[in-house]
Each structure stands twice: as C-alpha cells, then as structure tokens.
Amino acid sequence: MITKMSKMELIGPKASLHAVLDCLQEIGALHIEAVPLGEEEGKVLLHRFHINETLEREKDLLEHLLTQVEEIFRLHPSTSKDRAISPDPDEREQFSRLSFEDIHFRMTRLSTRLKSLVRRRRNIEDDLAVARRYAKLVDRFLPVIGELDAQTDCEYIGITIPTKEKQVLESLKVKLAQLVGDEEHKFFSADFEDGQTVALIGFCQHYAFEVKDLLWHEGISELRVPAEFESLPLHETIQALHQNLEELPAELEEIAQDIETLIAKNHAFLHLTRARCLNRLEHFKVFSKVAVTKYTFILHAWVPSTSVEGIRRLLAEQFAGAVMVHEIDVTGMEEADIPIHLENRPMVKPFELLLHFFPPPKYGTVDPSALIALFFPFFFGMILGDIAYGLVVGGIGLLLRYKSRADTTTRRASSIFLMAAFWTIVFGFLYGEFLGDLGNAFGLHALHPIFHREEAILPSFIMALSVGATHIVLGYILSMINSLKQRNTHQLVEKIAELGGLFGLFFMIGSFAKLLSPLFFASGAGLLVIALIVMIYFHNFLAPLEIVKTFGNILSYARIMAIGLSSVILATVANKFSGMVGNIVLGVMIAGLLHCLNIALGIFSPSIHSARLHYVEFFTKFYQAEGKRYLPFKKKGGDVI
C-alpha cells in the first residue's frame with residue numbers, strides 16, 4: 001500500500017539548525033526537499049544556507065576521519081564485518097563528550113600504531129617466506145653447495161618464477177654457461193607447493209655484475225635474503241635463516257596478539273566514530289536544500305501523514321516552541337514530486353524487493369506488492385512442483401533466515417524462498433511428484449495427482465493459459481482502478497474496451513473449440529466489434545493491435561507448462577538412467593548429480609520466468625513507474641545500537 005504523504009514546513013532560529021537536524025535525523029521519517037527561493041519586485045527573499053569556512057574545515061575533518069576508519073577496516077577486515085555492536089553506556093557517554101578534534105587525535109594515534117604493527121607483520125611474513133624457501137632449497141642441495149662455498153670468492157643469487165614458466169630456466173642455464181663457463185657456476189632449482197619454482201645460482205664474485213645484468217634483461221627478479229644477512233657467508237646465512245624459522249613464528253604470534261588487543265580496545269570507538277561522521281556528513285547534504293534569512297531557517301519535507309502530529313509534538317517539546325511546524329497544501333502539479341513510501345503487511349513486505357528493479361509506482365496508483373506476494377511464489381511452485389525440490393528450496397530459505405539479520409535483503413530473500421517452497425510442495429502433491437516419479441518407486445501411493453504432467457500435456461497447457469488469462473484480466477482491472485483514482489475517463493474507457501474485446505475473443509475461441517455454446521460466438525464477435533470501434537474512436541486505427549498484443553501476453557504463460565515439463569522430464573531421466581547403469585552405488589551417484597542439476601535449474605529458471613511474467617506481461621497493463629523514491633533523512637552509521 002502506498003502511504004499517504006503530507007508536506008511539512010519547519011521554521012526556526014538559524015542558530016538551532018544543527019540541533020534541529022540532529023532531532024530530525026533521530027526521527028528518521030522526513031524526506032527533505034529543496035525550499036524554493038521566492039522573489040518579490042526583483043528581490044530574492046530567501047537564500048541558500050551558506051557553508052562558511054568553519055563548516056568547510058569540519059567537513060574536511062569528517063571525511064578524513066572516515067577515510068582513516070575505512071583504512072583501519074581494510075587493515076583488519078574482521079572489524080568492518082562486525083557492524084552490529086552494543087557499546088557500553090559509559091563508553092558511549094564518554095564518546096559523546098569528545099570533540100571531532102579529540103577523535104581525530106585519538107584516531108591518528110591508533111592508525112599510526114596499527115600501521116606500524118601491520119608493516120612489521122608483513123616484513124616478518126616476507127622474511128619467513130624467504131627463509132622457508134631458501135632453507136628448503138639449501139637443505140636439498142647442501143652437499144654440493146658446501147663444495148662451492150669453500151671458495152672464498154663465491155656468491156649466490158636466488159630467483160623465483162611460476163612453475164608453469166620453468167622452461168625459462170633452461171634458457172637461463174645456457175646463457176649462464178656462455179657468460180661464465182660451465183665450471184664457473186652452479187645451478188640448483190626446486191618446485192614448491194605454491195606453484196613457484198625457486199632456483200639458486202652460485203658463481204664467482206667477479207661475474208656478479210654480468211650475472212645480475214643477465215637476470216635483469218631476462219625479466220627475472222632476485223629472491224633476496226633479509227638485508228641483515230646479505231654480507232654473511234653462505235653457511236652463516238643458512239644458520240641465520242634456520243634461526244629465523246624458529247623465532248619468527250613466535251614474533252608473528254606476538255604481533256597478532258598486539259593487533260587484536262589494540263582493535264578490541266578501540267572496537268566500539270571505531271564504529272562510533274564511523275557512525276558519527278556519516279551522520280554529521282548527512283547534514284551537509286541537507287544544507288543545500290535549506291533556505292535561510294538573516295535569523296531563521298526554512299525547511300520543507302515530505303512525511304507519512306500519520307507521523308505529522310508526533311513530529312510536531314516532539315519538536316515542540318525539544319525546542320520549547322521555537323521551531324514552528326505546519327502542513328502545506330499540495331497542488332496537483334506537486335503530486336509528481338511526492339516520494340513513494342510503501343507500507344505493507346509482514347508477509348508482503350519481502351516482495352517489495354522484486355519492485356526495486358523499477359522506479360516506484362506513481363503516487364495515487366495501485367501498489368502491486370501484495371499481488372506479487374501472491375502470484376510470484378504461486379508461479380514458482382506451479383513450475384517446479386515437486387515435494388523433494390520444495391523441501392530443498394525451503395531448506396535454503398531457512399538457512400538464509402538463520403544467517404541473516406532482521407530487515408536485511410538476505411532476510412527478505414529468505415521469506416520469498418520459504419513462500420516459494422510452500423507452493424512447490426503444494427503443487428508437488430497435486431502433480432504427485434517426489435524427485436520426479438521416484439516417490440512411486442518407494443511406495444508413496446498417498447500422492448493422488450490431479451494429473452501427471454509428463455502425460456497430460458494439454459491439461460497442463462490449458463491450466464497455464466487459464467492462470468495467465470486471470471493474471472492479465474486482473475492487470476486490466478487494476479488499470480481501471482488507477483484511472484478512477486486519477487479521474488482519467490479517457491484511459492478508463494480505453495481499458496474497458498480492451499478488456500471487452502479480449503473477452504469477445506475468449507468467447508469466440510471457446511465456442512470454436514466447442515468448450516462453450518455456439519451462441520457465445522455471435523455474442524463474442526459483437527463484443528469484439530464494439531470494442532474495436534471504441535478503441536479506434538478514442539485512440540487510432542492501430543489501437544486494435546493492443547488486443548492482439550494482450551493475447552500474445554497470455555500465450556506467454558505457456559512457459560509455466562513448458563519449463564515445468566522440462567523439469568519433470570529431467571527428474572524422470574535421472575531416475576531411469578540410474579537404474580540402467582547396473583551398479584547401485586554408481587546409479588545413485590548419477591541420479592544424485594542429475595537431481596542436483598535439476599534443483600539448481602529449478603531454483604534459477606522459475607525465479608527468472610516468474611519475474612518475467614510479472615514485469616513484461618502483468619505490469620505493462622497497469623503499472624505506472626513514475627514514482628520518486630522515499631529517502632528519509634536518517635542516521636547512516638550502520639547498526640550501532
């Protein structure tokens with residue numbers, strides 16, 4: 001249901017603007033609009049609120065603080081994931097007394113300390129990775145390396161490349177031999193589990209420049225040992241690396257503990273800072289819509305009509321009557337600017353999610369949310385129609401519900417899944433399907449289907465078209481309701497004529513197919529002719545094509561039968577094919593895989609096509625997507641409670 005909205009005007013002392021905005025943000029119900037600036041005898045009566053230098057500095061500080069918080073969240077991702085927190089009352093009270101300068105000082109200290117710890121952790125992780133690679137490589141070739149290390153002018157360089165590109169090493173060996181000679185160098189390599197190949201090159205020191213120049217031209221980077229070990233002989237380097245392998249993990253653990261302690265100590269501070277900055281920055285978005293005189297401010301907002309008195313009373317108490325609130329009469333031209341706020345029952349509310357792909361309905365027209373809540377899961381169940389598959393869809397819905405918080409997109413999606421599962425199970429009983437025809441094999445004879453979809457193709461087709469015709473006729477009725485609400489007589493007559501022509505066509509087809517009495521053919525033809533004359537008179541000679549288009553819309557509902565039939569055939573094939581394998585275990589595995597594929601398709605395909613039947617066939621008959629989204633001025637700081 002589209003909520004009735006009222007337009008409010010607030011007038012108060014300019015000095016109290018921030019406090020008023022804080023109060024309105026706490027209420028979270030006002031959709032604020034720009035106040036028009038009037039003129040009288042060439043003089044501008046009102047001005048936009050001017051953001052002075054002090055406010056500009058405050059805005060820059062808020063944005064900088066927000067950047068610092070987000071940077072800390074990136075450095076410690078688990079902190080940003082935990083959006084719902086309950087700060088200690090004392091901590092919240094202490095935080096509220098902090099100025100933004102105090103917050104900035106503490107945030108800078110926190111950020112500097114955390115960056116230092118993270119940088120140190122990364123350095124140790126790099127040193128540890130190098131130590132592990134060198135240690136493995138050196139341990140593998142230690143006997144040979146020992147001989148070469150006896151030479152006092154020996155130098156080593158480590159390199160690393162992706163294992164899939166290791167053929168580069170063969171080319172490098174040849175070029176090294178040409179550069180320094182076969183006897184003047186040693187070359188060792190080994191593959192590691194992370195998809196990297198590490199090589200160690202030993203050579204006389206006077207070839208160092210030439211070897212490094214060769215590596216540079218080949219685009220191969222050195223695997224450097226920690227800087228403090230570069231001047232050590234190889235055997236001392238090996239000892240130092242082994243010592244790192246023993247000591248660095250403990251240092252890493254200590255740093256991780258320091259980071260966790262630091263974050264735990266400042267966890268609430270970070271989220272409170274983020275919330276406060278986001279909320280304060282929302283004020284700056286409102287400033288551009290506020291009009292001011294020398295001493296007062298004027299603010300216009302749309303609000304649900306039921307909330308007007310409560311807001312007026314709250315502002316009167318909060319500001320001792322200094323802020324005046326009154327309703328503004330809405331003109332016909334302003335109706336296009338009224339934001340759309342949908343207010344539906346809990347069972348219908350989740351299905352508003354499916355309307356988000358369109359602009360909201362025009363103010364004063366029909367909200368289709370309740371009809372989507374009825375028909376979308378109904379179509380889904382009609383297509384999938386299997387008890388076992390319905391239980392799986394219901395299980396997914398329950399899992400999403402368990403994993404999500406209230407009033408989130410995931411929670412709303414879980415409700416849609418559960419409703420779709422209900423209708424899938426209902427139609428599963430009507431069709432007598434449990435994993436296709438597998439239920440009968442296990443003695444589920446209690447399933448007395450109205451028909452088997454695999455065999456009764458024509459009844460399935462007729463049922464799908466009947467549902468489609470009902471859906472389309474309902475769309476026309478809603479269009480007539482919209483016309484009555486908008487007092488659009490021209491459109492009302494057009495829609496009545498279209499619907500009359502459609503019924504005339506139904507009567508003629510029903511009579512021709514001998515489903516109705518022959519008398520209906522003549523009455524249907526007469527109804528169709530009258531409808532065509534009215535449509536041409538009120539529109540043009542192309543108007544009758546609308547009836548043909550509508551008839552095509554109804555035929556589109558045959559996809560309910562076609563997609564459902566493909567699902568049951570795949571389920572039956574899975575059952576029969578598993579029995580033909582000759583091996584029970586293999587047969588069960590094959591059947592399980594095919595049923596999993598069918599369930600995946602059975603979730604995706606009915607969802608897409610059920611939505612399509614609403615968006616393309618149903619909505620085109622009545623939905624006026626000309627509304628403006630209701631965006632109330634409220635707190636944007638996450639779930640800080």
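Numbers here mean position along the shown chain, with the first residue as 1.
Note: Cβ is positioned from N, Cα and C throughout, glycine not excepted.
Residues annotated as coiled coil in TrEMBL: 238-265.
The transmembrane segment annotation in TrEMBL covers 370-400 (among others).
Counting only same-chain residues 6+ beyond the ends of the transmembrane segment (412-432), those with a CB under 8 A from a CB of the stretch are 347, 349-354, 373, 376-378, 380-382, 384-391, 393-394, 396-401, 404, 439-440, 447-453, 568, 606-607. Annotated transmembrane segment per TrEMBL: 412-432 (among others), in sequence order.
Nonlocal intrachain contacts for the transmembrane segment (461-484), taken as residues 6+ away from its ends with a CB within less than 8 angstroms of a stretch CB, comprise 365-366, 368, 371, 375, 379, 382, 491-492, 495-496, 498-499, 502, 506, 550, 553-561, 613, 617-622, 624. Residues or ranges marked as transmembrane segment in TrEMBL: 461-484 (among others).
As annotated by TrEMBL, transmembrane segment applies to 496-513 (among others).
As annotated by TrEMBL, transmembrane segment applies to 519-542 (among others).
Sequence-remote contacts of a segment are chain residues at least 6 beyond its ends whose Cβ falls under 8 Å from one of its Cβ atoms, and for the transmembrane segment (554-574) they are 379, 382-386, 431, 433, 435-438, 453-454, 457, 460-461, 463-465, 467-469, 471-472, 590-591, 594-595, 597-598, 601-602, 605-606, 609, 613, 616-617. Among the features that TrEMBL reports, transmembrane segment is placed at 554-574 (among others).
The list of residues near the transmembrane segment (580-604) in space but at least 6 beyond its ends in sequence, with Cβ under 8 angstroms from a Cβ of it, reads 383-384, 386, 388-389, 392-393, 396, 435, 567, 570-571, 573-574. Residues or ranges marked as transmembrane segment in TrEMBL: 580-604 (among others).
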Outside the transmembrane segment (496-513), six or more residues from its ends: residues with CB under 8 Å to it: 469, 472-473, 476-477, 480, 519-521, 523-532, 534-535, 538, 544, 546-547, 550-551
